[in-house]
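Chemist: Got a structure for you, written out below as structure tokens; questions coming shortly.
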Protein chains: 2
Amino acid sequence: MKALSIIKIGGNVIDNSEKLHQFLLDFTALPGDKILIHGGGKIATELGVSLGIEAKMVDGRRITDIDTLRIVTMVYAGLINKNMVAQLQAKGCNAIGLTGADGNIIKAVKRPVKDIDYGFVGDLDATSVSSQTLDSLLKSGLVPVLCAITHDGDTQLLNTNADTIASAVAVAMSALYETSLIYCFEKRGVMRDIDDDNSLVREIRMNEFESLQADGIVSGGMIPKLHNAFEAIKSGVNAVYIGKADELSQIDQQNFGTRLIR
Amino acid sequence: MKALSIIKIGGNVIDNSEKLHQFLLDFTALPGDKILIHGGGKIATELGVSLGIEAKMVDGRRITDIDTLRIVTMVYAGLINKNMVAQLQAKGCNAIGLTGADGNIIKAVKRPVKDIDYGFVGDLDATSVSSQTLDSLLKSGLVPVLCAITHDGDTQLLNTNADTIASAVAVAMSALYETSLIYCFEKRGVMRDIDDDNSLVREIRMNEFESLQADGIVSGGMIPKLHNAFEAIKSGVNAVYIGKADELSQIDQQNFGTRLIR
């Protein structure tokens, strides 16, 4: 099977134009088929403030009401996605910017209301991603750039977590490609000693995950991240990387972040 | 050659949710390959007002400064385009929403400053449209929905007239398809008598255009519209239609608006 890299970047890269420029250069230089998935960053919050629309939080979690959905659709699918595509094109990467509604690439389900009504938020399952359409775009030489907006197939756009999209896309594409899922975030990866920059854990196998938790090396927010990564691996993803965006160019030398494998 | 319809709708349809719903139903029902091109409507102006950004006009023409470009990118490429795609998907049309930056489909040139600096406005020429990329999307069973944003290939997004995009796309695709270019606007077409709803001119041949102008049947804003239409026909477009969006379903019965042919 051909290799396919699915790379997710977050707000810390998007909000910094220099970092974004360097990241997009490194992304363009990555060999082989690839898909970029991006979140939002501060721009959506700032536009909301300018428009007098307050971020609504319940129990510390953001609620996507209809005004917020309008804003994230404008910012994620319009402003951020299209500027990123124009920058990639200038660097020689034939990017095509998409939401999950485009080509019905990702059909989500509006999150059911239990204790909290999250509003227009989409959840994904094993049938959400249309691997066929992504495959035909890749075969046309295009590089899909997906933002964190999906749809329900019944006219409704939905705000959807970009990490979740990246994982669902990687799992679905594993039927057709040997997939690597690469999460770029603000840290170098899993560190053996949080105060020692040279203590990066290069590789974690699934059966080592529990003992790393017991030793306290994997803790806090890293636990659900790694849990989700190993779930993706169980579902067919070849390897998951967690590392720093500005080290992406070293991934070919097996020198990027922490590598999670079966 | 296979037939391809390129259909342009404007603000009068986009701003009216009932009209838009009916139009998208009719568009979905159109047989054969098709491309939709849409303008903006009032939403961009309204968002500008909400953000305290005034529309800048010089000699009655709108100037796209950097703030205005941000707004039209958010509204055209984000809000309008993605909601339209989600609606088309719900109606069974496999739409994919794009700007000219996506897949480098339309590379424009920033309008040179002469007497007026129009700002970030893109002009098109014979080399602007990548017919190959549009063709491969069509061959994948996708229906491109293009908004009025292009790029210059050097990171800059550009605001570009949707009528001009429609014409340039139709001309470029004429190398591969038998193209029809369909402009939906607020009137039924060219009327022999403006006060008589039954006086629609069904067909105008290129050599009749001048005498219709001399007779005053084609006048005012209709002259440049028809001039541009015949230019497109000279450049390879098979037929151009000018008519009312809510009569689109009758185009198969040769019963839609005014048809312009060689």
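One-based numbering along the chain as shown.
Placed from the backbone N, Cα and C atoms, the Cβ positions cover glycine too.
Curation does not apply to TrEMBL; its annotations are automatic.
Remember, it's a predicted structure, so these values are computed and weren't measured experimentally.
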Chemist: Let me know which member of B:R62, B:R188 TrEMBL also records as binding substrate at the site of B:G40, B:G41, B:N159.
Modeler: B:R62
Chemist: Return the average pLDDT for the domain 'Aspartate/glutamate/uridylate kinase' (B:6-242) as a whole number.
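Modeler: Here the mean pLDDT over the domain 'Aspartate/glutamate/uridylate kinase' (B:6-242) amounts to 94.
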Chemist: Among B:K8, B:R62, B:K225, all listed as recorded positions, which has the most CB atoms within 10 Å of its CB?
Modeler: B:K8
Chemist: Starting from the Cβ centroid of B:G40, B:G41, B:R62, B:N159, which together make up the recorded substrate site, report each further residue of the same chain whose Cβ lies within 8 Å of that point, ordered by sequence.
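Modeler: My list of surrounding residues reads B:G11, B:G39, B:A44, B:T45, B:V72, B:V75, B:Y76, B:A148.
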